Structures are given as C-alpha cells and as structure tokens.
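Student: Structure provided below as structure tokens; questions to follow.
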Amino acid sequence: MSDANLTATTRSADLDGKTRDRRAFDRSFGQQWLRKLALPIALVALLAGFALADDRILTSYNLLNIAQQTSYLALFAMAQMVVILTRGFDLSLGPTVSMVSVGAALAMAGMGGGEAGGLVVVTAALAAGLALAVACGLFNGVVVALLGVSPLVATLGSMNIAIGVATTISDGRPVQGVPSAFSQVFYTGSLLGLPIAIVIALVVGVALAFVLSRTVFGRSLYIIGTNPQAAAVAGIPVKRLLVYAYLLCSALAALGALMMTARTGSGEPNLGGTLSLQSIAAAVVGGTSLAGGRGGVATAVLGALFITILSNGMNLTRIDGYVQMIVLGAIVILGVVLDRLRLSAR
Amino acid sequence: MTSADITRTTTPNTAEPLLVLSGVTKRFPGVLALDGVDLDVKAGELHVLFGENGAGKSTLINVIAGTFPPTSGSFRFGGEEMSELTPHEARAIGISPVFQEFSLVPSLTVEENLFLGREKSAAGVLDAGGMRKRARELIGELGFDLYPKARVDSLDRAHQQMAEIAKALLGNVKLLILDEPTASLTERETGRLFELIAKLKTDGVGIIYVSHRMREIRALADRVTVLRDGRHIKTLDAATVTDGELVELMTGRKIDVLFPTIAHDPGETAIEVHDLSTADGLVKGVDFVARAGEITGIAGLVGCGKSELVRAIYGIAPIASGSVALRGKLLDRLDPRTSLRRGVAYFPANRGVEGLALSRPIRENVSMAALDLSRYQRGGVIRRAAERALIGPIMETLKLRPPNIERAVGDLSGGNRQKVMLGRAMARDLDIFLFDEPSVGIDVGAKVEVYEFIKRLVEQGAAVVVVSSELPEVLALSNRLYVMHHGRIAALLEGAAKTEQNVLSSFFEEESREKAA
C-alpha cells in the first residue's frame, strides 16, 4: 500500500533517478564479483602453469617456502597499502628496511651482542627499529600532510636520506654479531608448527584488518582516500591521520626489517633493495587503488602471494634475475593500468 | 509569440544584421535553458543582454560562440546559416567571445596564450618573433598595462581579464562577446575598455555585452534585450528605457516551486560575526547576525563572498581579521571538527567535491561527521550494530528510496545524495545549520523535501542560514535577508522590505557607492 502511495506521488523526474540508481547498482554488483575473483583465478593459473614446467613447484616443502616468503612481502605490501589508501605511497619503504636492519644490528652489538641476555637483545633491537621507524614515518607524514608535498617527491627525498643514513652508520658494510636469541624470536622459532614469519604476518594481518574495517581511524583512512576535501569538511582530522598512516607504514616496514635481519643474521645496509617497488607492485596488483580509498589486507596479501609465486616459479624455472626485474616492472605498470580500467568502467 | 515584442529599427535596411537568431531553443537534460529566443545584432552596435542568474544569458552566448549547438532554431551570421559551428570555426569567421571563466593557460605567457591554437609558423617552426611583435602591437593599441612575456598565473585577475580581451581581439573580429568584462577591472581600466569599445563600434564590429551594471548599460548600450527563465522578454532601445523598467522586466513573475510557509520565531542570537574578512579577500569587513528559530538568508551574485562567509563561520575558509561568536561566546579557533562539536553543520554547495565520499556506502557517508560521538564508537572501535541502528531510521525519515544504506553514494541521483547530506545533520545533535545553495542540482520533488527539512529544523528552534544564488528561494525561505555585493553587506532586508526589487536595487546602489568611493 505504501508502495502505491509512493508511485502516485512521485514525480517523473524522481522516477528517472530511481531507475538510474537501480541500474547502477546491478552493474556494480556484477563488477564487484569479477573484481574479487580475478586475482585468485590468476593465482591458480600461475601455480598450475609453473607446476607443468617444473614438478618441484607443488611439493609441500616448496609451498611452505612460498608461504614463508610471502609473509615478508605481505607485511611490506600491507604497510604500503595503508598509505596507498590515502592516495599516497612510500618510496622510502625499502631504504627504511635497510636503515632499521643496520640500526637494530648496531644496537644489539652495542648491548654486547651474544653475551647479553635474550630479552635485552630483543628489546634493544625493537627499540632501535621502532625509533628509526617513527623518525621515518613522522618525517614522511609531516612533509606530506603538513607541508603539502606530494608523496612522490616527499618519499623520493626520504628514500635517499634513509639510504644515506643506513650506509653511513654501517660504513657500508654488513653489521655482524646478531645474537641467536634474536634470530630465535624473529626467524627460526615456530608456533603451532608454523614458522614464526608466517605467524607474525597472520597476526599483523588480522590486527590490521580489524583496524581498517572496525575502527574510526581505519574508516577515516578510506574516507580521506576517497575524498579528502569531504573528509575535512566532515570534521575528520585529515592531516593528523595522514601522519599516523605514514607512521603505521614505517612501523610495519620496521617489523619486516627485523624479521629479515634475523633471517640473514646480520644488519644489511642494502637489505631493502627493490622492496619499495615490490611492495607497491604487490599492493597494486592485489587491487589496492593508487587513486585512494580502495583496498585492504586481502588485496595486499593476495598481491604479495602473486608476486612471490611468480618469482618463486621464475627462480625454479631458472629465469634470469634481471629478466625477473623486467617482469616486476611490467607488473607494476599492468596493475596500475588495470586499476585505471576498473575506475573508468564505473 | 514573443517575437512580436521585438522592436525592430524602422529604417528600411536591405542588408541583414550581422547576427540573427530566431526561435533558438536549447535543452539540457531536464532543463529548458533557452526557449525560442530571438536576437539580432547589427554591425557597429552594442547590444546588452540583461537578466538574472539562470535567465539563459550564458547559454545564449555559448550557442553563438559555438560551444554547443542549439537544439532547434535558426542561427545566421553574416548572412549565412550556421550549423555545426565549433568554437574554432566561430573564431575563424570573426566571432570572438570573452567569457567570465577565462580560457587562458596559466603556465603559458600572455603572448603564448594570445596565439594559442593559431600559432604563426613557417615550415612547422614557430615564428616566435612575428608573434611577439604582433602581441606587442595589439597590447599597445589596446593601451593595456600588460607585459607580453609575463606568465598568466603570475597576473592578478584584472590583468588576466585584459589578456583575455586582447586574445579575443587578435585576428579578424566581427562580433565580440563580452561577459561581464568589467567585473575585475579598476575604474581606469574600465575607461580604457570603454574607449576601445567605442573604437570597435566605429570599425563596424558588433558587440554583445552581458552586464548587470546600470551605469555601463547607460554608457554603452544601443539596445538591451531582457531574458528571463530562458525566454526573450523584450528588446528595447537603450536611449529611452528607464532603470526601473529594466529591473521590472528582468524580475517579472516566475513559475515558483511550492515553498513551505515557515513559522519563524526568532530567539537568541546564535551567530554573531563582527568585521570579518577572509584571507582570500572575498569577504571584507562583514557584520552578520543569525538567530535561533529563524532562517537568515544571504543573497548575492556568484562570487560576492556569500558562500565564503558561511565557510569562514564553519572554519573552512581562513579568516584574516574580525571575530565570530556562537551563542554569545567568542571563538578563538575555527575548524570543522570543533564547529561540529559546537553544534554547527555546513552543507556545501558542491556535494560531489566537498560533501560525499562517492564510492563509500550511504551509512558511512551519513555517520562520517559524527564518529567522534560515543554513540558510534567506543575507544576508537566503531559500534557497527549501533551505527546501523541509528543511520537506518534517519534515512527512512528522509524517505531514501530504495532504503538500502549499504549502497555506494556514487550510485545515487542528485536528490538522494542531498538526502545523505541531510542525514548527516541528523546523525548528531546540532542546532546551527549553514546551507550553501541547498537546492542546486536536484529536481523539483527533492527541492520540496529539502525545504520541508529546513522548515522542520527552524520550527524545532534551530538557527538556519541559507546562502543562495536563487533569489526566489532565499526570498521565500528567509525571515531576514542579507544582500552581499563584492564581499560586503549591501543591505539587510526584513518584513515588507524583503522584495526581489529591493535586493536587486541594493546591488546597484552598492555598485554606485563603490564607483563613487
């Protein structure tokens, strides 16, 4: 009955608006499913393709290896995704990893290295890593949010600064003397039969998913990325939250850096290497939009998985490392092109 | 029918006028912008187009400039029927428009802009010397104080206007279109422009001149055509028409949408603004008061600073000097977050740009200005069930159809989008509401719902400020009406004095005061 009343009183112009609303809804609904399933399908296809080429791919040993390797890249992709959500990105992520690696190794060596107790060593590494991450994130956040410098320029600058710091404090050489207690916590240890790297990535992933979807902070990041002006008008403290986003990005990168340092057993001044690009590639290929406001833990992790499987498969099928770089570069561009297409299809 | 109103010159003239439009109609989706308009412009004549915002003046000059074709009607220029005219062709045959929205490229120099799209070249190589020489000659001829090598973005608005005029006059001009060309010129530059216009007229150039300024119409016009609601009302001889007659023709009677009758019950002062100037200079020394239980309107032309005034009160437009007090309490800092906490809401005119996060669901768009309240979150964690339970009924009261609050706002029509904005006002406790062009871009049915919403707010004792370029809207809604002009308050109209004619004449009075000063 209320429906009949409604149609009787609605004007024709309004009716047009409603049909339009419904059609747009149907269309976007179909697209959403396509978007969600595209990458998992690609992943399965990729695995199957490599498995045909080499039967070592689908062994349980290699699959666990892939999972473990993915954990590192997933952490960095999640870090990157947080700032990409706000229409930014962090080119300094790789060098931050290097800087944290040598910084933490130096701190542990300063505490007496293997002589000191495990707790002291781990605390020293965490403190040094966190301090450097905060410095980095704060720098990026302040330059981007408060000074209004574009993320490209800001993090390109801080990228060089971080490389400089990492090389200077380590004299450009690996910092030895990472105690086994540290490696125990961040690399060799395991929980419920799972390697510690996978456990850490899982915990971080679940926590970050909660933060992004259930907290005011996470919700605000999506709104800022979708429309920063509207966010400001609605009273969301845009600048402050942007600084937090860059801080969170650097903190996650630092955690990954500690894990990688534990794995290599030394502080490496070029540990970060191509991680900036890899993490952006993973996030974007997974479906995080560089235009901001779209993406999440799932897109970062799926993207990381995709890239890890790709490089794992390329390693096993003996594709040259430099060719792999070409592939990675092409994938970033492909990811961005796909993102453009998705946005313009709307 | 309206064509009968045209007063044609009685001198027998075998030659056809330079420009002849007859029965030109332009329809945009949902809007009839021009409805059978007739207009003719003779060589050597200055023809003024006169009318309110939305009367169809810009649409008409855009049709003539080839920006878009008319939906129907005949358009003859220089004795030839024009069809499928493009802006480029229009320029080539001598139709030169100067719009209010500048067509200059900010990062190029003045001379590069003059020749943009018609660069002189020899064998594919730009003839920079030749272009520079011609640019200098032209600027010298015009007597403008303009440096040809200056980058456009380093110029102020007045100088950009000069560059725009120079650009229009480069090449062979037969019909010049000037859209409020003096809006940003000083007295001296205006004088120059007028001399130039006189010279162009003796050279046989026809000029279409859009202006609200009586003084200019008096000084320049040969004939005046009045437009209203997209229709040609009358073409008059400028020498015999009076100011009063023009204003009357311009305002006329309108087909109004149904405005609700609102019971205003003015209570305590909610907002008191004293001697306020904004950092961008668009608001200059404004005193303004809004009270609880009534609608305070602010009327004015585009760019008069009315929107910036409420934006400054809300805390988006930075303030240079002056003070804002809410409920008698002087404020030391203004930003959207604290404004919302003090119970002030702002509804931006451009909802797509400043209001909504289009790809996010309705629910998030409604709650986004209220997430600091404990109803919606606990310790920074959103209470999702509570959020749904609060937002759902709000959108139901606002008659959102279909009533699904999980859909992306980008999929909604204009009217539903405005409802999302209104919903935001209901998501927290507020009692001061600043509406910036509340009915722009929405259909008639949704307009009525917005007016009803505003009526409910006022009758519940809220203080409402409505900023609008639509004169009938602010006139009908407001209890007290401020008229702004060039960043200042030109008048405060109440009761019987609150008429369309008074609003318009206060523009003109302020105008002459400014010129005298």
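Including glycine, each Cβ sits where the backbone N, Cα and C put it.
Copied straight from TrEMBL:
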type	residues	note
TRANSMEM	A:33-52	transmembrane segment
TRANSMEM	A:72-89	transmembrane segment
TRANSMEM	A:96-113	transmembrane segment
TRANSMEM	A:119-139	transmembrane segment
TRANSMEM	A:146-166	transmembrane segment
TRANSMEM	A:186-212	transmembrane segment
TRANSMEM	A:241-260	transmembrane segment
TRANSMEM	A:280-307	transmembrane segment
TRANSMEM	A:319-338	transmembrane segment
Student: Give residue numbers and ranges for long-range contacts of the transmembrane segment (A:146-166): same chain, 6 or more residues beyond its ends, CB-CB under 8 A.
Tutor: 83, 87-92, 94-96, 98-99, 101-103, 136, 139-140, 239, 243, 269-270, 272, 276
Student: Where else in the chain does the transmembrane segment (A:280-307) make close Cβ contacts, counting only residues six or more beyond its ends and a cut-off under 8 Å?
Tutor: 35, 39-40, 42-43, 46, 66, 70, 73-74, 76-78, 80-81, 84-87, 89, 91, 205, 208-209, 212-213, 222-227, 328, 331-332, 334-336, 339, 342-343
Student: Any contact between the transmembrane segment (A:186-212) and the transmembrane segment (A:33-52), i.e. 3 or more CB pairs below 8 Å with pairs at least 6 residues apart?
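Tutor: When sequence-distant Cβ pairs are counted, the transmembrane segment (A:33-52) does not touch the transmembrane segment (A:186-212), since fewer than 3 lie under 8 Å.
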Student: How about the transmembrane segment (A:72-89) and the transmembrane segment (A:119-139): at least 3 CB pairs under 8 Å, pairs 6 or more apart in sequence, or not?
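Tutor: Taking Cβ pairs at least 6 residues apart, the transmembrane segment (A:119-139) and the transmembrane segment (A:72-89) are not in contact, as fewer than 3 fall under 8 Å.
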Student: For the transmembrane segment (A:33-52), could you work out the same-chain residues 6 or more beyond its ends whose Cβ comes under 8 Å from its Cβ atoms?
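Tutor: Same-chain contacts beyond the ends: 58, 285-287, 302-303, 305-306, 309-310, 312-313, 316-317, 342.
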